[in-house]
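Have a look at the structure below before the remarks.
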Ligand SMILES: Cc1ncc(C[n+]2csc(CCOP(=O)(O)OP(=O)(O)O)c2C)c(N)n1
Ligand SMILES: CC(=O)[C@@H](O)[C@H](O)COP(=O)(O)O
Ligand SMILES: [Mg+2]
């Protein structure tokens, strides 16, 4: 790792010769495989942007120039080049975050790892620079072909096209894939541009000019800066971008640092908005990733570096249950269709697409469109199942409310990665959905405590034709089945009793509700309180919103309720239960436990559960005052 060990700051990168740059790229790839295989992380995307990131840092003077990474999952190389090479605790507490983080470096700008926002961020920063007269500063947005399918990116492009004097460079990192190959008209257009030869010729000319002098590295960089003459000839617009009025450079071989440098230098010199189309390969240089059909190692767990095989094979048991159930349902019901926002495999729709390719739709990273399209499908007689990560549904709140719920559309939402996810940082905890769904009239929400429950709830949801249903489940492996000792009520009104202490000792009547993955916690708390003399019922309401009449009856008959959920404590399901009881004039005390309303920095799920006081001991301590 001779060149990598020299990189003590980004300035050193600017001094390297072409052959040293090639060595550096190879060192970085070796480092990425070695370190990310131990921690897990976004290996494939980062292997693809090694040369691009080196070139960005040679042409632009970060942090004076701003480099904004869309989504941010591809910022590992940027971290390495800007002095953060200790990846031993990548995506762990107190380690390097998996995304840009302002607390880590002045080179990091945007921490939001929800896709398609970079162009809006960059446009805003560039506009601010212009207003402040900071005309020597450039702003660069690096966006993937996948993220470019998101509506926000198109909205931003629309504005950018009107800002002739804004120093803004949009780099499209086009590897042809999101997880899977990127879908849609824009992806086809990028494909078509890839085959354009005239620009390659111009860029070849640039490269030849640079190499001709035989003076590598720093001199080459200076030479690039000197090549301002004739910039207009190089920057002829192309196709779709031409029609929008945005200058286009490309396509450029993203694994040729000098070619990318040349293109970026031209873009920087232009002085207005320019789009640079860079072709890269996801997983580049690591055979297991290059050969990985599903997603080129988009996001891996801990793997064996030699083979790329996972150390712990089944990380996502909840997803597998859904994957199997929707295939079974699709076999029986031709109206069942699946929708994914560019995450076919991670949400579990791949087996259904394999068997029913015409009934699974990948809409790109377009959650808003996914939801409203589902409303349309429902109107057309289908039963759509929208499978997304919980955190990404935030983006489509208005569509769930106005297009689905207002029209009583029978759409089923399957929210994977709901609750605390931890290692993906603040943006990826699926902690907002319950509080948001609480505000939606007619939305029925279920939280399964095990795989059997998920199966049953999913089938109930598919049989609902009067309005929307939503089922949310966490990231990770499945818990052991937790059977009820008895049930009260039927259908949506059914409440499962998981434990009860029927002693007539005369203690308080305590109702404990631990939603979904917190059901075992509820049982543990219940046992401890029963041992202290309380009369305890541990209940699982299953369909948690709206509150069932059975649950309300149990609640009204209790002196104290302890409510635990894997969602926001303020405004969540427990909070809603407390409001409902108060409206009914019940005197019951409700203690709510859940996720505090903060942005939580990276840590493991277990660590965060501990921090939030969601362990049985912490809950017992917290309710201790009521003894
Ligand atoms: C709003 C939103 N939806 C879904 C995701 C999940 N996601 C993360 S990266 C990704 C694919 C990104 O593809 P692209 O932008 O081309 O980047 P690449 O990984 O190919 O470099 C998806 C779907 C997300 N981060 N944000
Ligand atoms: C960047 C992004 O949003 C996804 O790649 C996400 O990090 C994947 O998370 P899982 O590993 O939980 O599937
Ligand atoms: Mg891509």
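Any Cβ shown, glycine's included, is placed from N, Cα and C.
As written in TrEMBL, here are the features:
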BINDING   73, 113, 114, 115, 146, 147, 175, 286, 367  thiamine diphosphate binding site
BINDING   145, 175  Mg(2+) binding site
DOMAIN    316-480  domain 'Transketolase-like pyrimidine-binding'
Determine the minimum-neighbour residue: among 145, 367, listed as binding-site residues, which Cβ has the fewest other Cβ atoms within 10 angstroms?
-> 145
So, in DSSP terms, is residue 367 (thiamine diphosphate binding site) helix, strand, or coil?
-> helix
Sequence order is fine: just name those binding-site residues in 73, 114, 175, 367 with a Cα within 10 angstroms of residue 145 (Mg(2+) binding site).
-> 175
List the binding-site residues 114, 145, 146, 175, 367 whose Cβ sits under 6 Å from any atom of ligand 2, in sequence order.
-> none
Taking the Cβ of residue 175 (thiamine diphosphate binding site) as reference, which residues of that chain separated by at least 6 in sequence fall under 8 Å from it?
-> 45, 48, 144, 145, 279, 280, 281, 282, 296
Neighbouring C-beta atoms (10 Å sphere around the C-beta of residue 73 (thiamine diphosphate binding site)) = 22
Please give the average pLDDT for the domain 'Transketolase-like pyrimidine-binding' (316-480) in this predicted model.
-> 97
Would you mind pulling the DSSP three-state label for residue 175 (thiamine diphosphate binding site)?
-> coil
Around the Cβ of residue 146 (thiamine diphosphate binding site), the count of other Cβ atoms that are within 10 Å | 29
Max CA-CA distance, Å, over listed thiamine diphosphate-binding residues 73, 113, 114, 115, 146, 147, 175, 286, 367 = 32
Checking the binding-site residues 73, 146, 175: which ones have Cβ within under 6 Å of ligand 3?
-> 146, 175
Residue 114 (thiamine diphosphate binding site) has its Cβ surrounded, within 10 angstroms, by a count of other Cβ atoms equal to 20
